Amino acid sequence: MSQHKNSVGLLVSAVGVVFGDIGTSPLYAMKETFAGHHPIMVSPENIFGVLSLVFWTVMLLVTVKYVILIMRADNHGEGGSLALLALVTELTRGRRVHYPLMLLGVIAAALFYGDSMITPAISVLSAVEGLEVVTPDLKAYVVPITALVLTGLFAIQSRGTALVGRLFGPVMCLWFVTLALLGIANIVRAPEVLEAISPTFAIEFVIRHPLMSFYALGTVVLAVTGGEALYTDMGHFGRFPIRLGWFSLVLPALLLNYFGQGALLIADPAAIQNPFFRMGPEWMVMPMVALATLATVIASQAVISGAFSVARQAIQLGLLPRMTIVHTSGEEAGQIYVPFTNWTLYFAVMALVIGFQSSSNLAAAYGIAVTGTMMIDTILVSFVMALLWRWNMALVIVVAGTLLLVDFAYFAANIIKVAQGGWFPLFIGFISFTVLTTWRRGRALVRKQLKKQAVPLDVVLRALGPNVSRARGTAVFLTAATDGVPPALLHNLKHNQTVHQRVVLATVTTAETPYVPDSERVHMTDIGDGFHRLIIRYGFMQTPDIPAALTLCKQFGHEFNMMSTSFFLSRETFVPSLNPGMALWRERLFTFMTLNATRATTFFKIPTDRVVELGTQLEI
């Protein structure tokens, strides 16, 4: 009985978090298809064609591609572009495709940030725009109310969302039930719309109106925005609850609502100005606006939480500098708050709301990031099919090729909307890609320079003569290299002529798996003469904690008393140079990011009163 309750609870929670983005798409998808930047005449023929496109887009891109196929490609239970990237880079290590695929994964992560800025803006705007259905006089209040709602949402992030998070599931369940009931109520008026399930209507629409249908693809794809979240959030809820929630509630509710909007437009073509809020009687408009606003806030929360998670993954995978990561829940390790990400998103979202003014204007900006990410996911998962699942190559080509062809059609239909707003996610994607690759390249150059300057440990051990005194206690030297002597140790020997009785050379590494169990966290080897090499491993979904890791060294016969342990860190100062490696402007960007990174003591949770920092200068 308790297991059944847990399953139901997990299902309700999954509905509240996973399906928020795709669940709020009915607010604007049909409206933008018929009344957007490339309007389509509201006629039964066109309505049937668009409904058929919507149905098969949802079935192919979400149900078949993500729910059935890509959700099988988990990285030890975790999903998402960076988890998939880590899995694929591990599978292709040593192959020619390794580096290009890694770049593709970084591009997907960069596009995600463009998407995560647009989603809160377009979702909440589209909900509040329901006020215009009540009376056009309320139009002037749409942007201020949207800004107020979003400001409140971003302001509470630092306090965590555990308390209000319990309401997400029930509210979203109510939302999907409402979608279904509104759809059924309108389908009854024109039940013939259900015939649009047949793909012949979509095919005929494309053949008869090739240009119109091409434009329609650019807005029909709005019906699947958020589909990738089903894969991204797999680590939080598991594959089964997400699939169960999709097939039992979300998919039927979405399709019923889209077909209900189609039935409404057949009966009343004038309803195209905002078909969603005209699906019910007039007295329902205000309650629907309130419920829609709650649903879009929940959808936005899911995107914001996803942005925090991706930021942590990027830091751990060496794509971003250290940032402050705050755990907002003592019970749920996945609930984190990243201040820099939060406020960067907030100001970008505010700029979008104020700059674009309406969900219709923002719709043009929405599709590029989503379709670009979906296309990259298909490419990455094709290598999983071939190398991990060992599918026949002909089958891989047929399945991946078909999905890629569909993805590309939607991407092409959105790329033509660059001038109408599509430039924004491309701009954000370019900035994000530049930052991610600059940091990764910069750290690689730093490691190369340190290795070039490194002194072999055996040389130092031989040089420890009678003139070098041994201080009591333990010294832990943090170093990125797993061989050689850290610069901080060399500086200590040079200036103080002393080393501690026990010296630990500690290196923190990130595995290409989401989690590393405590049993595999540390590995300590005795080098001799009181020196030890310590490797500390974390997964890309974990936050490092060095004092906690040191307590695990008991298995190697070592105990650490924090009051007699000193931590020595190298504080690197970088000097941009004309050496080959990176353009001068990128070297300056890397230096700027390094200066503004969270201090190692904070990031690694090292007691500040036990830290000694020694400076070192490097040319990159």
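Backbone N, Cα and C atoms are what each Cβ position is placed from, and that goes for glycine too.
Beyond its flanks by at least six residues, the transmembrane segment (8-28) meets 62, 119, 122-123, 126-127, 165, 167-173, 175-176, 179, 222-227, 229-230, 233, 236-238, 241-242, 244-246, 249-250, 253-254, 257-258, 261, 276, 292, 295-296, 298-303, 305, 359-360, 363 of its own chain at Cβ-Cβ distances under 8 Å. Annotation source Swiss-Prot lists transmembrane segment at 8-28 (among others), citing sequence analysis.
What Swiss-Prot lists as transmembrane segment is 50-70 (among others), and the listing cites sequence analysis.
The annotation transmembrane segment is assigned in Swiss-Prot to 102-122 (among others).
Annotation source Swiss-Prot lists transmembrane segment at 136-156 (among others), citing sequence analysis.
Positions annotated as transmembrane segment by Swiss-Prot: 168-188 (among others).
The annotation transmembrane segment is assigned in Swiss-Prot to 211-231 (among others) on the grounds of sequence analysis.
Under the heading transmembrane segment, Swiss-Prot lists 246-266 (among others). Using a Cβ-Cβ cut-off under 8 Å and counting only residues 6 or more beyond its ends in the same chain, the transmembrane segment (246-266) has close neighbours at 15, 19, 22-23, 25-26, 29-30, 34, 42, 44, 47-48, 50-51, 54-55, 58, 62-63, 67, 173, 176-177, 179-180, 182-191, 193-194, 196, 223, 230, 272, 275-276, 278-279.
Here Swiss-Prot flags 284-304 (among others) as transmembrane segment, drawing on sequence analysis. Tertiary proximity for the transmembrane segment (284-304) is limited to same-chain residues at least six positions away from its ends with a CB under 8 Å from its CB atoms, namely 16-18, 20-21, 23-24, 27, 115-116, 119-120, 123-124, 126-128, 130-131, 133-134, 149-150, 153-154, 157, 161, 168, 171-172, 174-175, 178, 226, 229, 233, 276-277, 342, 345.
Per Swiss-Prot, the feature transmembrane segment maps to 336-356 (among others).
Residues or ranges marked as transmembrane segment in Swiss-Prot (evidence: sequence analysis): 368-388 (among others).
Per Swiss-Prot, the feature transmembrane segment maps to 393-413 (among others). Note on the transmembrane segment (393-413): residues 57, 60-61, 64-65, 69, 214-218, 220-221, 367-368, 371-372, 374-375, 378-379, 381-382, 385-386 of its chain, located 6 or more positions outside it, place their CB under 8 angstroms from a CB of the stretch.
Listed as Cβ neighbours of the transmembrane segment (415-435) (distance under 8 Å, sequence separation of 6 or more from its ends, same chain) are residues 37, 106-107, 109-111, 113-115, 117-118, 218, 320, 348, 352, 356, 361-369, 372, 586, 589, 593. Annotation comment: Swiss-Prot describes 415-435 (among others) as transmembrane segment.
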Residues from the same chain, set at least six apart from the ends of the transmembrane segment (136-156), whose C-beta lies under 8 A from its own: 120-121, 124-125, 128-129, 164, 293, 297, 300-301, 304, 342-343, 345-346, 349-350, 353-354, 357-358
Stretch in 50-70, 102-122, 168-188, 336-356, 368-388 most in contact with the transmembrane segment (211-231), if contact is a CB pair under 8 A: 50-70
